[in-house]
Amino acid sequence: MSKKRLLIIITIILTLCIVSFTAYAQSPEDGGVNFGVISLLPPLLAIVLAFITKQVLLSLFLGVFVGALLLYGGNPFYAFLRTLDEYLLGSASDSWNAAILIFTLSIGGMIGVVSKMGGTKAIAEALAKKTKTARGAQIVTWILGVLVFFDDYANTLIVGPTMRPLSDKMKVSREKLSYIIDSTAAPIAGMALVSTWVGYEIGVMRNAYEAIGVSENIYFVFLKSIPYTFYNIIAILLVLVLAITQKEIGPMYHAERRARLTGKLNSDTAKPMASDEVSKMEIQEGIKLKASNAIIPILTLV
C-alpha cells in the first residue's frame, strides 16, 4: 500500500473520530443515541476504502471499527478493543456463525478436490466437443456456468480457464466471455440449493426473523424465496438469449465485431490479469479426466 493511500486512510479515520464524538455528544438526554445519516458512514467507508486500497478485509475491518467509534463516543482505544472482542471474536464464536464458516470451508474443500481430480474439466471438454461455432461456444459456457453452482469464485476459476481456449478458437471476444461467466456465476450461486452463498443468506434471514419474533425453518423460507430472485433469474436467462440470438448492442457489439473480423480478442486498452488461484486449480498429474469425479462429490454434498 502506498504512503499516499495510507495517509488518506489515517485522515479519514481521524475525521470520523471527531464526527463520532460530535454525534455522541449531541445524543438525546434520555440516553438514546440518534446518529441519523452518520450511521451510513461505516458501510460507505468500507466501500470507499475497498476501492482505494484494493484490500477488502482491511476495509471491512475499518468499517466495523468506525461503527464502534460511533457507538462508543469517538474513543478510538475502547472502540478498537470492542471491535476485536465483541464484534469479531464474538461473531466468530457464535454457534450459528461458526456453522456457516465450517459449511463455507467444506464447500471450498470440495471445490479443491473436484478441481484437482479434473471433474469439472471433464464435463467442460465433453460439452466442448459438441460445438463448432461461436454461438455454440457461448451456449456451452452458459451451460457450464449454470452447472458449477456451488460457489461464484469457483465458477469463475473453473469455467474461465476451461472455456477460454474454446472461445478463443471460435473468436469470441474476452468481453463477451467475461460477461457470460460473471452473469452466471453469482446469480446461480445465489439461488442454488447448496452453495457458499446459502449459509450467508440463511444467516441474514435468521437474524431478521429473530428480530421480529417469528419462528420458522429458515432453509424452507430460503427455498420459497427462490422464485422471487428476479435479478438472478433474469440475468441467467438474458445470457442464454443473447448467446442464442447473437444480438449485441453498444460496446459489446463493437467488441464482438472486432474479435470476429480482426481476431483481436482483447481491446488495445485491455490489461489481462492472471490470479495465483488459477494455477492452484490445475489438475493433479496422473488423474484421468472423468465427469464422475465432479458429479459424485456434488451429489454427495447435496
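All residue numbers here begin at 1 and follow the chain in the order shown.
In case you wondered, yes, glycine gets a Cβ from its N, Cα and C as well.
According to TrEMBL, the protein has these features:
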type     : residues : note
SIGNAL   : 1-25     : signal peptide
TRANSMEM : 35-52    : transmembrane segment
TRANSMEM : 57-75    : transmembrane segment
TRANSMEM : 95-114   : transmembrane segment
TRANSMEM : 179-198  : transmembrane segment
DOMAIN   : 189-280  : domain 'Na+/H+ antiporter NhaC-like C-terminal'
TRANSMEM : 218-244  : transmembrane segment
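Long-range Cβ contacts of the transmembrane segment (218-244) within its own chain (Cβ-Cβ under 8 Å, at least 6 residues beyond either end) map to 135, 138-139, 141-142, 145-146, 179-180, 183-184, 187-188, 190-191, 193, 198, 201-202, 205-206, 209. The DSSP breakdown of the domain 'Na+/H+ antiporter NhaC-like C-terminal' (189-280), given as helix, strand and coil counts, is 64 helix, 0 strand, 28 coil.
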